[in-house]
Amino acid sequence: MGNTFGHLFRITTFGESHGGGVGVVIDGCPPLLEISPEEIQLELDRRRPGQSKITTPRKEADTCEILSGVYEGKTLGTPISILVRNKDTRPQDYDEMAQKYRPSHADATYDAKYGIRNWQGGGRSSARETIGRVAAGAIAKKILRQVANVEVIGYVKRIKDLEGVVDPNTVTLDQVESNIVRCPDGELADRMIELIEQTGRQGDSIGGVVECVARNVPKGLGEPVFDKLEADIAKAVMSLPASKGFEIGSGFAGTLLTGFEHNDEYYIDENGEIRTVTNRSGGIQGGIANGENIILRVAFKPTATIRKEQKTVTREGEETLLAAKGRHDPCVLPRAVPMVEAMVALVLCDHLLRHHGQCKVL
């Protein structure tokens with residue numbers, strides 16, 4: 001239960017951190033889409049561990065294998081299965097955590113729900129589960145580009161109290177990928193990297209905010225009431241490990257404005273299209289895309305597994321102390337960027353297919 005996401009473009013992820021591998025099955029991908037393992041690998045490389053000095057030192061190539069659904073470089077319209085095998089596992093690092101719960105991790109809640117858990121690396125609750133999401137997101141991104149020239153770009157907006165100045169309307173992928181923290185504000189990026197390194201040396205962790213923009217989203221994507229576009233995006237990104245907050249457009253800052261100040265006034269552009277002067281709605285009104293850029297932010301908490309000693313309890317209910325071992329990110333934000341992009345792309349791709357299926361038939 002809870003392992004499948006989407007309606008027409010639907011994914012099911014599988015696997016655990018220290019099991020044989022992780023992956024995804026994608027249902028509903030249109031046939032005849034040209035896709036290669038290399039295109040998927042580009043996205044996986046952006047989220048893989050061990051990519052820089054500020055990420056987990058776990059060394060995984062995360063090489064993807066397309067097992068089904070693609071023939072001679074084109075999708076068949078049948079389920080696409082993608083597998084990434086785990087290579088650099090160290091289950092012995094987690095022996096102590098078989099009995100001791102990590103504070104603010106999923107250990108205790110998984111035990112409460114299932115009565116059993118794979119304690120090696122967090123099992124299913126590990127961020128390695130997101131490999132399947134990012135692989136599927138690579139395919140969703142290609143569909144969006146090919147059909148509607150949609151581009152989805154995420155970046156680190158804030159690390160702890162360091163907040164970058166970035167224009168979501170003009171930011172480019174090259175700017176995002178110009179440094180290891182994935183903050184397009186180059187000057188602040190250096191300070192972010194230094195802060196992450198310093199925190200990691202102290203055996204601690206920090207969080208922050210990823211901002212994401214989707215440009216050229218067709219007007220009309222989204223559904224009324226329960227399947228509003230922003231509601232589906234919120235569910236998608238809030239299902240990511242360590243996510244703790246979501247806002248779109250003006251977000252919580254919009255509560256400080258009056259209606260006159262907040263409303264996005266309309267005008268007709270040079271092509272005769274209805275546009276808005278401002279974009280405090282974040283590209284969505286009434287749950288439906290209005291053609292402006294969709295701009296959202298996701299808050300990620302500090303990584304739960306840290307080397308500093310903390311109070312905790314055992315499975316048997318005894319109070320104890322834990323200084324966690326293992327290899328963990330001192331800050332999840334740099335690797336969370338492609339995860340957020342993937343989830344936004346999956347939602348937009350699903351709604352694109354739903355919109356065409358209902359509103360482009362007659």
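We count from 1, first residue shown onward.
Yeah, the Cβs are placed from backbone N, Cα and C, and that goes for glycine too.
Noted in Swiss-Prot for the protein shown:
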- ARG47: NADP(+) binding site (BINDING)
- ARG124, SER125, SER126, GLY286, LYS301, PRO302, THR303, ALA304, THR305, ARG327: FMN binding site (BINDING)
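Location within the structure of each feature annotated in Swiss-Prot.
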residue: ARG47; record: NADP(+) binding site; Cβ within 10 Å: 25
residue: ARG124; record: FMN binding site; Cβ within 10 Å: 21
residue: SER126; record: FMN binding site; Cβ within 10 Å: 21
residue: LYS301; record: FMN binding site; Cβ within 10 Å: 16
residue: THR303; record: FMN binding site; Cβ within 10 Å: 25
residue: THR305; record: FMN binding site; Cβ within 10 Å: 23
Distance [Cα-Cα, Å, rounded] between THR305 (FMN binding site) and the residue listed as 'NADP(+) binding site': 19
Cα distance (Å, whole number) from ARG47 (NADP(+) binding site) to LYS301 (FMN binding site): 18
Integer Å distance between the CA atoms belonging to the residue listed as 'NADP(+) binding site' and THR303 (FMN binding site): 16
Largest separation between Cα atoms (Å) of residues that the record links to FMN, namely ARG124, SER125, SER126, GLY286, LYS301, PRO302, THR303, ALA304, THR305, ARG327: 44
